[in-house]
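Heads up, the thing below is written out as structure tokens.
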Amino acid sequence: MPSFKTQYSGYSVEFSPFEDDKLGVATSQHFGIAGQGRQYILQNDRDAQTMRKLYTFDTDDGLYDCDGSIKVFDTTNASGGEGAPVMNFAEHSKEVYSVDYNTVNKDCFVSGSWDNTIKLWNLQAAGAGQTNASSVETFDEHRYCVYSTIFSPTNGDLFMSCSGDMTMKIWDVHDISSIQTARVHNYEVLACDWNKFNEHIVCTGAVDKTIKVWDLRNLNQHGAGTVGGGTSSTSSDSSICTLSGHGFAVRRVKFSPHDENIIGSVSYDMSLCIWDTEQGSDNALLEKYEHHSEFVIGLDFNLEMEDELASCSWDETVYVWMRGEEPVPTHEENENENDEEDNEIVAQFRQVLGLARGGGGVEDEDEYEDEDEEDEDEE
């Protein structure tokens, strides 16, 4: 199956839900720390075993957008394969790290940011021809960066978020307070997803290198969470199973749209793993792919083609392949190989996140406990 070389580092890859041979890839210059961004629309030619660029959309900031904005592009108006944003959503004060479209109601999306907030946006409310739009609602309960936001695939009013404050929250778009909160890891939670077949099952991935699967109906019964925005301090683990196999922090998790027991995950250990939760915690790891040479950030399952996967990485490559096959590079190397400056950025990033050999990310929850003590003193 084919691969494609991007100009910048890959941050996210998604198959089109309407045309199974197309996918979008968000990339950022200098690993998203500084520089520009480029959105690719690629076409996968399965017969020719090649991927080609259909469109590109450039931004002044990395994708994710480092100025706290969200941009909407129209591929039908891309002249010569290139285009500019047709709408701009700019309210977040820091990087926007997650955007998810409501596939049930089909009229809104949520964004999560390093400014600790989540915002709800409505495309129709923005109005035709309006290039800048205001959010419908702001959800402000997380106490640290929001890393992932995702709508329920079955209930258009519900969405989930996870954060560096070690919690996962469930929200109703009609209420600014979360309806369920759980401390799901003892480290920063970087990723979450909703099971496509069971509305009660979710999963989370964290800096502790693990993926946990949860039943939302049982969180409060076991003391792992509270209702109404509170955060439990108990260390009781009510997860259905814990998946261990990554060597560094888990960056993204996704349930398969074809099998309710299958989860895909990518990590800063440069690997992509496929898990079967029905096998239990000890035997869940089915497949491990190590075709990237840098941090793997993006992952997606093709909605129409069962077992077809896509991944993207800081190594500036995108791969599409079938489960059980080994991803093979078919791209030509371009001229923008990582220079010494970029290599230094990678080394510094590993040290900052505690991902270098012997590191482990966020050490513990002391900083959050210290904040609680300060709040009590002020009161």
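Note that Cβ sites are derived from N, Cα and C of the backbone, with glycine treated the same way.
Quick look at what TrEMBL lists:
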- 89-131: repeat 'WD' (REPEAT)
- 139-181: repeat 'WD' (REPEAT)
- 182-218: repeat 'WD' (REPEAT)
- 243-285: repeat 'WD' (REPEAT)
- 355-379: region 'Disordered' (REGION)
- 362-379: compositional bias 'Acidic residues' (COMPBIAS)
Whole-number mean of pLDDT values that fall within the repeat 'WD' (89-131): 83
Tally of residues which DSSP labels helix, strand or coil - the repeat 'WD' (139-181): 0 helix, 21 strand, 22 coil
